[in-house]
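The structure appears below as structure tokens.
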Amino acid sequence: MGSYHAGSCTATNIKISFSLFLFLVGVASAQLSPTFYSTSCPNALSTIKSAVDSAVSSEARMGASLLRLHFHDCFVNGCDASVLLDDTASLPGEKTAAPNANSLRGFDVIDTIKTQLESLCPKVVSCADILTVAARDSIVALGGPTYTVPLGRRDATTASLSAANSNLPGPQLNLAALISAFSNKGFTAKEMVALSGSHTIGQARCTTFRNRLYNEANINASFATSLKSQCPSSGGDNTLSPLDVTSPTSFDNAYFRNLVSQKGLLHSDQQLYSGGSTNTIVDAYISNTGTFRADFANAMKKMGNLSPLTGTNGQIRTNCRKVN
């Protein structure tokens with residue numbers, strides 16, 4: 001009888017341990033959910049939206065900057081807010097990487113949102129989720145499509161300068177390299193073209209398109225001439241020009257129309273319409289803006305799901321610029 005009790009006790013212990021194991025596995029591999037903060041911080045999304053709307057209203061370009069921050073975060077070891085970490089003596093962050101230095105901006109807007117959320121719900125909303133939602137809200141603020149953002153990402157405790165230098169597609173890439181860079185992150189060529197449509201908003205520095213202006217033939221002559229006055233063959237590296245010359249602060253499909261007219265600002269832009277395999281995708285987005293908006297929204301959701309930290313991985317940073 002005694003041994004029976006001992007046996008059932010052991011079985012119960014095993015059962016409890018296995019249940020705990022399953023629970024912990026479930027926590028570690030937790031799925032992102034649109035309702036993640038509905039109980040823990042019910043005003044999280046409205047707080048982010050209000051701050052983004054205010055920032056974009058003050059400066060339309062900020063919408064593109066916040067979208068770009070999210071992109072430059074997700075393409076480097078996943079959407080984990082590593083891009084927001086400042087350099088420390090022991091950890092070089094990603095802000096000084098070639099694609100980021102002197103060009104990434106919007107950090108102050110993220111700081112403002114984080115401060116507001118910390119006062120509302122301390123240690124609850126991650127910087128990674130703030131970046132993801134702020135990107136979506138920026139798109140909407142400039143007339144783009146809305147989409148549901150799954151939440152529950154956690155923040156990295158490290159960053160990778162080398163990955164930022166190697167993983168982010170640059171403005172000098174040709175079509176094959178662009179397709180490859182996005183394929184490495186699980187995106188199709190069509191999704192790459194859709195995401196490139198984000199260049200319907202925002203601006204670029206002279207240093208990123210100077211070579212195209214002075215050395216490429218597949219560029220509209222009057223377009224090139226007008227740009228050369230702002231971007232001389234030497235000097236003026238940081239002078240800005242809109243990526244979409246037609247409607248630079250409206251999220252629309254004009255970016256693609258510009259490519260057909262050889263008015264792509266960056267070399268990488270014009271590569272999407274240069275006689276290659278993506279010409280038909282560009283044509284489709286010109287003829288049906290609804291298709292572009294839907295494909296863009298779906299590709300953005302997919303990007304936001306790149307290798308998120310969930311469960312007990314990472315942390316919820318109280319200051320997005322540094323590890324707790």
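Just so it is clear, glycine is given a Cβ too, placed from its N, Cα and C backbone atoms.
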Among CYS9, CYS41, CYS206, CYS231, which cysteine does TrEMBL link to CYS121 through a disulfide?
CYS41
Where TrEMBL annotates a disulfide for CYS320, which of CYS79, CYS127, CYS206 is the other cysteine?
CYS127
Quick check: which same-chain residues outside ASP73, VAL76, GLY78, ASP80, SER82, GLU94 lie with their CB within 8 A of the centre of the Ca(2+) 1 site CB atoms?
HIS72, CYS74, PHE75, ASN77, CYS79, ALA81, VAL83, ALA156, ALA159, SER160, ALA163, ALA164
Determine the mean pLDDT over the domain 'Plant heme peroxidase family profile' (31-324), rounding to the nearest whole number.
97
What does the structure give for the C-alpha distance between ASP73 (Ca(2+) 1 binding site) and PRO169 (substrate binding site)? Integer Å is fine.
13
Measuring Cα to Cα, how many Å separate ASP80 (Ca(2+) 1 binding site) from PRO169 (substrate binding site)?
19
For VAL76 (Ca(2+) 1 binding site): intrachain residues, at least 6 apart, with Cβ closer than 8 Å:
SER82, VAL83, GLU94, ALA159, SER160, ALA163, ALA164, ASN167, LEU168
